[in-house]
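Report on the structure given below.
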């Protein structure tokens with residue numbers, strides 16, 4: 001039987017496979033990695049080159065990492081967004097029914113909102129790099 | 001009907017508490033939780049008394065009430081006690097006490113571990129607090145900054161380091177227990193989207209403990225190596241750097257604030273719906289904000305170090321993250337306010353404390369947003385402004401919610417009601433006293449009064465503000481004592497409260513007072529507020545229509561369910577009363593306490609007692625082969641009594657413990673690379689060790705040991721237990737060889753750890769791995785013995801799964817260490 005078989009799709013929905021706890025923490029983990037890369041690389045850069053060093057080189061790296069991180073979060077968001085139009089029980093934001101499908105939609109909602117939060121936090125963290133000039 | 005009565009009697013007999021002096025051997029969550037709670041409050045009163053001494057001293061300028069020396073000890077111990085002995089343990093206490101009831105479990109999965117944690121905490125706490133009576137208390141501030149704390153001669157710093165390291169063991173034990181509890185011990189049908197919010201918060205906080213406490217443990221190890229053996233990690237003259245301590249401390253210290261805050265605010269998430277008489281608004285938003293706060297709180301630590309001279313771009317990153325964390329924190333608070341607004345609020349004492357908590361915490365949060373801005377922080381750093389800010393967050397974010405929780409859960413735990421009048425008086429005294437004490441401190445700080453000074457001159461203009469603060473502190477204390485008295489005053493003549501006195505909707509209120517096993521039978525869960533949604537719910541529980549309505553085999557049992565959808569997968573037999581947890585804690589306590597005084601022989605004896613107790617505990621009480629394969633739990637379901645691998649609670653406990661362990665290792669490794677960044681040439685030009693040969697050999701041998709251990713598990717499960725035993729023996733030999741080779745590197749190249757921070761950090765890493773290899777060898781031997789005595793078989797192989805899991809982590813750390821110490825010097 002192929003993947004597009006409606007019977008299988010139905011079973012999947014009911015057992016609600018897909019979003020688990022690990023995929024919920026993907027986006028905040030991306031934030032954490034982004035944060036560490038920015039902080040560690042800037043700290044080493046400034047320590048090794050001295051306080052007068054311009055930030056231009058490291059800025060390129062930080063922006064590149066930011067683009068990469070936001071890209072990863074977008075990918076995760078698109079995947080999670082698709083869960084929205086699959087509800088069999090109801091379409092509200094309560095997720096209070098006792099079915100695997102509700103659990104699945106609940107975790108997807110949490111994960112999606114964490115994507116937004118992580119993206120905002122990533123942008124916040126990048127801002128200082130955009131207007132500071134040197135390691136001082 | 002008689003059948004049902006017999007079942008109830010059997011349950012009561014199986015779960016009966018030991019009496020008389022044997023009561024101390026109890027491990028049941030309802031008793032250990034209460035001990036934990038009482039101890040935390042006793043320490044809190046002690047810390048509070050110290051605070052009052054501080055306030056009396058500052059009441060007037062040029063006061064001579066206490067000496068500067070004593071004052072230093074008092075504020076250090078006040079901070080230490082409140083953070084380590086009250087704020088974190090109170091979370092563990094409350095969680096151990098009420099979490100099983102909320103989840104519908106009869107007990108937590110590892111009751112003896114809770115008891116062990118409690119005894120560690122009690123012994124360590126008494127040791128640390130007791131020091132002030134011998135004028136030997138730590139006196140370098142609750143964050144123990146070197147070089148002040150390394151250079152001063154007193155024993156106080158050692159007491160702080162060793163006493164608290166010991167207590168951290170209790171925290172990590174609680175984290176293991178609570179994470180596994182939330183993930184694996186929910187009542188059948190309690191899908192992850194129906195889990196009480198308290199459970200979610202506990203899960204997040206448990207995870208945070210695993211990443212926050214280990215760096216402090218790593219820091220403590222380095223610190224104690226410097227104090228004890230003169231290894232110069234923080235000594236600038238020999239290549240060390242005190243900033244390393246600040247990093248390690250605050251990587252722990254900032255998440256710690258949220259470790260304290262989240263479980264307390266979680267109580268609000270349980271209390272507010274009850275008194276609003278409606279379900280919580282925005283359940284999924286609260287979950288995501290708890291998770292988001294948990295993550296973001298790890299990106300804040302440098303905001304405690306804004307004035308250490310780091311590059312401004314580093315400050316910028318942390319400033320930005322510190323502002324970002326206000327978003328998820330705000331979401332939770334809005335969700336609570338929305339719940340209150342949409343419901344019809346029942347006036348009650350717990351609700352007063354909830355609202356007080358929100359108001360006070362929001363003020364603390366706002367000053368937090370202010371000090372997250374680096375230039376503002378430069379101005380108020382180390383002044384009373386910070387003292388005001390941190391007390392607003394901690395008292396609004398932790399103490400008031402906990403007080404709300406005490407008033408709310410008191411009837412459930414003690415079976416009696418607290419006085420409403422006392423509660424209202426206590427609340428207003430505390431709220432007014434608190435604001436009187438701490439609101440003026442914002443000004444005192446802005447006027448330039450630094451923290452930790454034992455007195456001040458009359459000409460400074462701080463006198464009136466300090467007076468107001470001191471009076472407020474006593475008003476606050478009066479309010480607290482009133483509530484404490486209300487809790488402990490005799491209530492024999494008071495009538496018992498009815499079941500579910502507040503008309504709450506969540507599962508913990510289904511229990512009847514006095515049942516240590518929770519509910520008569522474990523129900524199937526269909527909603528977040530089952531008592532509200534199913535009018536027949538309590539009757540079904542009471543008539544034993546749920547699961548595990550009996551304990552035929554005379555064993556304490558609880559259900560283990562799957563992580564996401566809570567399908568029953570195992571009947572877990574949990575431990576009953578016993579002395580081993582207490583003996584093990586006593587042994588470990590002796591190790592830490594005698595090390596403080598450098599009494600090596602008693603310390604060694606303590607170590608032996610600990611080891612023997614733990615081995616006996618494991619041998620007699622874990623991974624027991626049941627008398628039958630499956631058990632009927634009622635409702636026509638038969639589920640296994642024994643599972644191994646990642647289905648079992650033991651495997652998860654090992655996984656969680658080792659995650660924390662790995663974090664500590666990575667913190668040590670961070671130390672290595674930290675030294676590299678601050679030195680132009682690292683390793684120093686005149687130090688050649690440890691070379692590449694010995695580390696490489698060690699890495700290979702560790703890998704061989706890992707492969708043999710892994711192979712032993714695979715062989716055993718394919719039925720070849722004999723060959724598996726041989727593999728374990730060979731693995732132990734390879735482990736020994738690996739350890740010796742690893743030690744040979746720095747040894748043969750003459751790296752002297754007292755000469756410079758480089759050899760010191762290399763040796764610290766080597767010692768860490770050696771300790772893990774020794775433990776790994778012990779485990780290989782244990783697995784060998786289990787197989788030999790038939791305690792582990794091809795179908796009952798939980799021990800081998802857990803040992804292998806340990807080895808995945810140990811081998812990873814070992815090989816990484818070998819690669820770094822052997823390879824990195826060739827790259828620079």
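Cβ coordinates come from backbone N, Cα and C, glycine included.
Keep in mind the model is a prediction, meaning the values are calculated, not measured.
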Candidate ranges B:230-253, B:422-445; TrEMBL annotation transmembrane segment resolves to B:422-445
For the transmembrane segment (B:465-485), could you work out the same-chain residues 6 or more beyond its ends whose Cβ comes under 8 Å from its Cβ atoms? 41, 45, 48, 51-52, 55-56, 58-61, 403, 406-407, 422-423, 425-438, 440-441, 443-444, 447, 449, 456
Do we see three or more Cβ pairs under 8 Å linking the transmembrane segment (B:579-597) and the transmembrane segment (B:115-137), pairs being at least 6 apart in sequence? yes
Let me check one thing: do the transmembrane segment (B:352-374) and the transmembrane segment (B:257-276) come into contact, meaning three or more Cβ pairs under 8 Å with sequence separation of at least 6? yes
Near the transmembrane segment (B:257-276), which residues from the same chain, at least 6 beyond its ends, have a CB less than 8 A from one of its CBs? 83, 87-88, 91, 94-95, 102, 196-198, 200-202, 204-205, 208-209, 212, 286, 290, 293-294, 297, 332, 336, 339-340, 342-346, 348, 350-351, 354, 357-358, 393-394, 397-399, 401-402, 404-405, 408, 502-506, 529
Considering only the recorded stretches B:115-137, B:422-445, B:651-673, state which has the highest number of Cβ pairs under 8 Å to the transmembrane segment (B:80-103). B:115-137
In the same chain, residues at least 6 away from the ends of the transmembrane segment (B:727-748) whose Cβ sits under 8 Å of its Cβ atoms read 689-691, 693-695, 697-699, 701-702, 704-706, 708-709, 711-712, 715, 759, 762-763, 766, 769-770, 773-774, 776-777, 780-781, 783-784, 787, 814, 817-818, 821-822
Here the mean pLDDT of the domain 'Cytochrome oxidase subunit I profile' (B:21-510) is 94
